[in-house]
Amino acid sequence: TAGALCSGPRLKKCLLRTFPVASWLPRYSIRENALGDFISGISVGIMQLPQGMAYALLAAVPPVFGLYSSFYPVLVYFIFGTSKHISLGTYAVLSVMIGGVTERLAPDSDFMVWDNVTNSSMVDTTVRDAERIKVAAAVTFLSGIFQVIVLGLVQFGFVVTYLSEPLVRGYTTGAAIHVIVSQLKYTFGINPVRHSGPLALIYTVIELCYLLPQTNIGTLVVSIVAIVGLILAKELNSYLGKKLPVPIPVELIAIIVATVISWQVDVEGKYGVDVVGLIPSGLQPPVFPEVSLFGQVIGDAFALSVVGYGIAISLGRIFALKYGYKVDSNQELVALGLSNSFGGIFQCFAISCSMSRTLVQESTGGKTQIAGALSAIVILFITLWIGALFEDLPKAVLAAIIYVNLHGMMKQFLDIPLLWRTNKIDMMVWVVTFILTVLLNPDLGLAAAIGFSMLTVIFRTQLPKYSALGRVPNTDIYRPLENFNQVRNVPGILIFRSSATLYFANAEMFQDALGRKSGIDITKALSAKKKLEAKKKRHEKKMAKDVKKAEKALKMNGVEQVESRLREKWKQQKEVAIIEVEAERDPSLLRTIILDLSTVNFLDTVGIKTLRNIQKDYEEIGVEVVLASCQSNVVEHLETGGFFNDKVTKSCLFNSIHDAVLHFSASTLEVKPFIIY
């Protein structure tokens with residue numbers, strides 16, 4: 001099918017778009033890029049080792065599967081990805097989301113066995129871990145399918161545009177709290193009961209507080225020493241950053257030192273410190289995920305696909321803008337989706353890009369995804385030959401690495417005072433997203449946060465700012481009268497603008513605001529018209545009687561006397577009618593309303609009906625209503641919505657406000673009051 005659709009030059013273009021590596025790899029400059037990519041690839045690969053093992057704990061799977069997740073998906077992205085700088089691999093937020101799924105579907109309570117030696121029940125970790133690996137692989141594979149088919153091929157990637165920056169930063173900060181709480185059990189050496197669903201974090205914290213007296217002192221000491229050492233080393237790294245060609249691999253040094261000390265001291269046997277345990281050498285054979293699990297993880301998979309893509313495309317665009325190239329958003333979806341679906345077959349868990357690794361990849365000279373491929377080769381080397389050396393690594397050290405790596409996310413709390421000063425609605429989105437993520441867990445929290453963000457958009461369009469515009473003297477510029485001192489009102493003309501589009505949610509408020517700005521209570525004006533029409537009928541009946549009386553008087557009096565009396569009577573009644581109407585509306589103030597629709601980008605049936613009613617009502621009291629600055633699609637909506645007819649033609653449309661003003665200012669028609677007679 002692809003060959004039939006893409007033949008000749010089209011086939012080449014199709015292949016280059018599907019496999020971006022084929023477009024840049026043949027033109028790869030060894031002289032310009034090789035050294036930087038080599039150094040960058042080695043540096044990132046060294047970072048992938050501790051981060052992969054640590055984030056595997058977040059996903060509630062054995063640490064070695066974090067190494068697999070840093071290998072297979074990275075190679076797939078090398079072939080299909082379009083960003084030159086992002087570093088794909090394990091990511092804390094996605095890992096904790098997967099951990100929530102694995103522990104929900106494979107809790108410890110399902111794998112309790114009786115130990116005849118201790119006469120107590122214990123968890124069969126081997127069987128439990130095997131089941132959790134199946135769950136993680138299933139949700140990862142399904143999230144990849146969502147990214148490729150639902151979001152990528154259908155080009156549904158625009159859904160990520162609803163993830164605004166305040167929402168993403170509030171969400172990642174809330175997820176970081178989940179990450180921290182999930183690792184406290186490794187810091188204190190305790191085993192709290194796993195809670196799931198809304199408020200699970202609160203229940204977990206309460207459970208942790210209850211178990212604090214059971215803290216393993218050896219584990220706590222290891223944690224404190226590791227955290228303090230990592231913080232000091234990171235600060236030293238920052239201080240010497242400009243002087244060193246590559247950053248010091250702090251995390252790698254930490255796990256090497258911790259592993260050696262743990263092995264020499266035997267912290268597991270003497271102090272009961274939990275260690276990583278068996279790390280099998282080699283790679284896992286491919287296994288298709290269990291289809292029976294898909295129905296239980298479909299919601300989690302979709303959330304993973306959206307969050308993973310949102311983080312990756314945000315970072316990708318930042319570096320693409322910095323270095324002057326383009327990132328194809330839909331191709332990125334396909335690349336991430338294939339990375340996850342392929343990784344799920346090899347028992348990896350969902351991946352995205354990491355800010356810390358990406359910054360290292362860029363700062364150490366990485367210019368292409370060759371650096372990413374080299375980092376994968378480093379992980380492959382470690383997995384095949386070196387991984388078993390880290391079996392004595394304390395899990396508390398991996399938890400410490402996670403804590404220290406989250407300092408960037410914790411700094412996002414500083415967004416709150418900044419947003420308070422710049423945009424309070426964005427600040428509200430940040431805070432509410434954070435609270436919802438903490439209370440409802442990352443999956444439900446994301447859905448609720450997107451819903452709240454949409455509500456803020458609706459409220460902002462439902463409550464827009466309405467303005468009466470005036471003209472800057474001797475120009476064709478029109479600005480709100482209340483905001484500019486030099487703007488002057490155009491005599492006899494009201495120029496009305498809404499700051500938002502016109503649709504069902506704000507149509508009634510649009511009419512009310514127009515009435516306030518025009519100074520005309522249209523309901524009272526129309527009511528006065530009806531009263532005058534009724535008075536007209538009464539006057540007509542009375543005049544009919546007067547005519548009959550006049551006919552009789554003609555027989556008795558002279559013609560001139562009768563005509564004089566009738567003329568005087570008509571004049572009196574006419575003056576009374578004019579005075580009553582002018583009491584409702586002074587025609588010298590307003591004769592034309594120009595509706596500026598430049599901010600309107602669509603019209604629904606309610607909006608069209610509102611414009612039709614406005615034009616009809618004001619026309620009835622002698623005020624002409626016209627539309628200015630309509631976008632072409634708005635005109636199409638007016639046509640299909642039946643706005644135009646024999647009485648209302650396209651002559652009421654003007655290309656700009658100034659065109660309409662010139663038209664009515666140059667009119668030679670006098671201001672005519674509305675008169676019944």
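Please read every residue number as a count from 1 along the shown chain.
Keep in mind that glycine also has a Cβ here, set from the backbone N, Cα and C atoms.
Worth saying up front: this structure is predicted, and the values here are computed from it rather than measured.
Annotated features, as they stand in TrEMBL:
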TRANSMEM  55-80  transmembrane segment
TRANSMEM  135-163  transmembrane segment
TRANSMEM  211-232  transmembrane segment
TRANSMEM  244-265  transmembrane segment
TRANSMEM  301-321  transmembrane segment
TRANSMEM  333-357  transmembrane segment
TRANSMEM  369-390  transmembrane segment
TRANSMEM  434-459  transmembrane segment
DOMAIN    483-664  domain 'STAS'
COILED    522-549  coiled coil
Can at least 3 Cβ pairs under 8 A be found between the transmembrane segment (55-80) and the transmembrane segment (301-321), with each pair 6 or more apart in sequence? no
Lying 6 or more residues past either end of the transmembrane segment (333-357) yet within Cβ distance under 8 Å of it, the residues of that chain are 18, 44, 47-48, 51, 56, 59, 61, 65-66, 68-70, 72-74, 76-77, 80-82, 86-95, 97-98, 133, 136-149, 151-153, 157, 283-284, 286-289, 304-305, 307-309, 311-312, 315-316, 405, 408
Using Cβ distances below 8 Å and needing 3 or more such pairs, separated by at least 6 in sequence, tell me whether the transmembrane segment (301-321) contacts the transmembrane segment (434-459). yes
When each of 211-232, 244-265, 434-459 is checked against the transmembrane segment (369-390) for Cβ pairs under 8 Å, which one has the most? 244-265
